[in-house]
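One structure is given below, encoded as structure tokens.
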Amino acid sequence: MEEEKILESDLRHISFVMPKYTPIEKIGEGSFSVVYKALDAESGRYVALKAITRTSSPARVLDEMMFLKTLGGRKNCMGLLGCFRNEDQVVAVFPYFEPIDFREFISNANLADIKRYLHNLLIAIEHVHSNGIMHRDLKPGNFLYNKESGRGMLIDFGLAQYEEYSEGQHAEGGAKPAGPLLFFNSVVSKTKPPGYYERDGRPPMKAPRAGTRGFRAPEVLFRCQRQTGAIDMWSVGVIFLTILTTQYPFFYSSDDIDSIVEIATIFGHAEMRKAAKFYGRVWRSNIDSIPEERIPFETIVESLNPWAEVGSDGYDLLYRMLDLCSSSRITASDALSHPFFDDLKTHENCA
């Protein structure tokens, strides 16, 4: 079969693990790795083989293995069964976890399903953050969820980092330049028609830019050097909004410029000015699609998914996750204690 020929060609570079593991099919592929479902010849169980690309930084690979050793196998974080190396090729072995397709999940998830999904994800994030680590690439593809069992697994710690700043520093806001810096599209063009935006000609601030477009927090887009686990909670909020609206992806931006504009079309100029000031930036724009005041999440959800079951507690949690200012954004620990999950916890206690 053609599929087998392609599979054999793909697997030549990891043939050194094939005496022990028999690859069955490719189940995932990213910028830095390819993942295969395989059979463990010794145990007879399925496993996932993650073949890390040769172009990956050795330090990055080592860091990922370190984070997996620290976090894996507990609190909904994927465990590491083993790791093999042959010259510059690394293959990590994980338990195989059968997830539901995210698009299928959001197409028919009820409120109880949504609560279980988010609760599982938050348990993993709280575990990560309690160890002083930021995941930095939260998105549906990195959280495997099995609807039948009601269990989820956080995967891919390739971009994870330890937090470098204390809570006190974090609360002060973002990077503090000597003078106000206009961010990307915030320069108002005097020679172009309304709605036009252009780049600030000055050199951009250098700061960590991990994550996937559409899930990056405002402080990442504003190029702030002080970043904490709050960036993960923004990503959880985007996932929550995506589920409620059934729009995946919710943000379609192709780059950071478009990303901040998309956020601004929801939050409005007034909120963007406050956030920019918090991060030591200046926000100005004459783009017609950006309102002065924010559009309520209730309006967005009801217009895109009139049948959505959310409730006041659900919206409150959504607002606290998608808070433009990182210091007041809800933490994973506090989110787990939010009233939105009260009936879920009561049900679990009675089970």
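Glycine is treated like the rest: Cβ placed from N, Cα and C.
Record features, source Swiss-Prot:
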ACT_SITE  Asp137  active site, proton acceptor
BINDING   Ile27, Gly28, Glu29, Gly30, Ser31, Phe32, Ser33, Val34, Val35, Lys50  ATP binding site
DOMAIN    21-341  domain 'Protein kinase'
If you count Cβ atoms within 10 Å of the Cβ of Ser33 (ATP binding site), leaving out that atom itself, what do you get?
20
Would you count the other CB atoms within 10 A of the CB of Ser31 (ATP binding site), including those on all shown protein chains?
9
For Ser33 (ATP binding site) and the residue listed as 'active site, proton acceptor', determine the Cα separation and express it in whole Å.
14
Residue among recorded positions Glu29, Asp137 with least C-beta crowding, 10 angstrom cut-off:
Glu29
If you measure Val35 (ATP binding site) to Asp137 (active site, proton acceptor) at Cα, how many Å is it?
17
Can you tell me how far the Cα of Asp137 (active site, proton acceptor) sits from the Cα of Ile27 (ATP binding site), in Å?
19
Pick the one among the binding-site residues Ile27, Val35 whose Cβ has the fewest other Cβ atoms within 10 Å in this structure.
Ile27
